[in-house]
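Engineer: Here it is, the structure in full.
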């Protein structure tokens, strides 16, 4: 295997000379990034006024969607305005009836005159998008890609731009044939290696239908496992806009636990709801491969990235300015899905920032991935942080969600999902996932968990020990960390580096900084291994990797390149790790734009190398014989 890995590395060097030069040049860190703002937050919907014009119209077709069970459809919107302006826009509202007789006090809309719009649209496009002659003719057509979101839709023409919207015309309503249908399954590991959880969304409460999963080994008789049901309401939110204009009913989130799986076996499944009249509602069929037994010797392939967010394939919401790399990351991973076993998205999942509808959009976007392989998430600032709610940071980054959406929409095998730290095993890997939005310092509850996770793994069976968290608790030369002089999250590594060293963590991953960076094996700010691409025997320290370029606007690097920084890339991408066996691991960083490898290294070692004492890693010895 060592010779195979050497040949692989030589092949990379021969076919990708740009890769070597790019690493030496620091990965293009001189570029500037364009910061992003949640597009829906630009709409001052509470200021909306009436400017209805009988000569204007908005028409949507077709009126009935999903006749063959589809949960995604493209529709056409035709519009006319007798007084067109460059700032005219079409808002997509769901439910279709958005002009209420009164708004709940929590919505923040205290107007007494029409229109009373209590919630923001779920997406929007400017009227002149794809209509270059709109200003001359006042006519145009737009295409929207709609997903099934448990309610009907209407389309409203506004003038006055996003900051002073005036309602000109409203379309007919359109709907999916079954708005309540079960959609967007998300797989995740359960609390044992041979358990898979399936989480999905529907419009059926438990007083309407019984949720379950019908599943079994491929080609064998199927069985049924019941599902639990969760939801939340506006009062579950901690602040605006989540409990004001960003609120939208989330429907019902169901989770079923598929247990006693055979290692690596192929299973098929579909989501079901048994209505109380005896009829059934089904999803389409899906499949997954069960996880290997912990320590099993087989090829195992892992994807890791952070900060992806979502984007609109129809061009809505100006998402090219907010999450420009999101779709590329999603699509590139989907293309290689036959060679992927598990995915880790380590924080800043959706960037909904309190606009609840965007979580449905995200689960639809990642469905091709999450319905086939475990999609494991970590908590980031845009999921959890809100002042006065117990998060470690007193910021408003979650838009009032305060962790509720992340904890409900996705399953993680944590003892308490409000404390988003957990461990999970995949074959020869042990993953220790930290929650940087809660205290991790020595003496904290999370610190005890981290040490137990690292200490309890049997490295003879699971040699590849991985630590992951959202904020950079290790090393980053991102510009804002460099400006603080620490090259880390404040107080980040001070408590943890002795644990990484003591338990010989192989790689630590982070998001939060929207770029890619890899360090040398490092301990206490010093490189402890001079190799860069091929590590054999005892590595001596932990390699730290920032992989926050999943899709959100990119982050600048500092102009200074620290000695410990081996490779930096100002681009969108993700990491793939391949464990060939207990002794050989290949690490690859791929750009989302083309899926090609731009950074890599390999580790080749034996169990005795893991046992070897390095600085601060071994307990004191006795002189007794």
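Don't overthink the numbers, they just go from 1 along the chain as shown.
Keep in mind that glycine also has a Cβ here, set from the backbone N, Cα and C atoms.
Look at TrEMBL and you will find 58-178 tagged as domain 'Purple acid phosphatase Fn3-like'. The domain 'Purple acid phosphatase N-terminal' annotation in TrEMBL covers 185-289. Residues annotated as domain 'Calcineurin-like phosphoesterase' in TrEMBL: 302-516. Under the heading domain 'Purple acid phosphatase C-terminal', TrEMBL lists 541-599. The signal peptide annotation in TrEMBL covers 1-25.
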Engineer: Helix, strand, coil: count each for the residues of the domain 'Purple acid phosphatase N-terminal' (185-289), based on DSSP.
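Structural biologist: Helix (H, G, I), strand (E, B), coil: 3 helix, 56 strand, 46 coil.
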Engineer: Across the domain 'Calcineurin-like phosphoesterase' (302-516), what does the mean pLDDT come to, as a whole number?
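Structural biologist: Looking only at the domain 'Calcineurin-like phosphoesterase' (302-516), pLDDT averages out to 95.
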Engineer: Quick check on the domain 'Purple acid phosphatase C-terminal' (541-599): DSSP residue counts for helix, strand, coil, in that order please.
Structural biologist: 0 helix, 30 strand, 29 coil
Engineer: Across the domain 'Purple acid phosphatase Fn3-like' (58-178), what are the DSSP residue counts per state (helix, strand, coil)?
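Structural biologist: Secondary-structure composition of the domain 'Purple acid phosphatase Fn3-like' (58-178): 7 helix, 50 strand, 64 coil.
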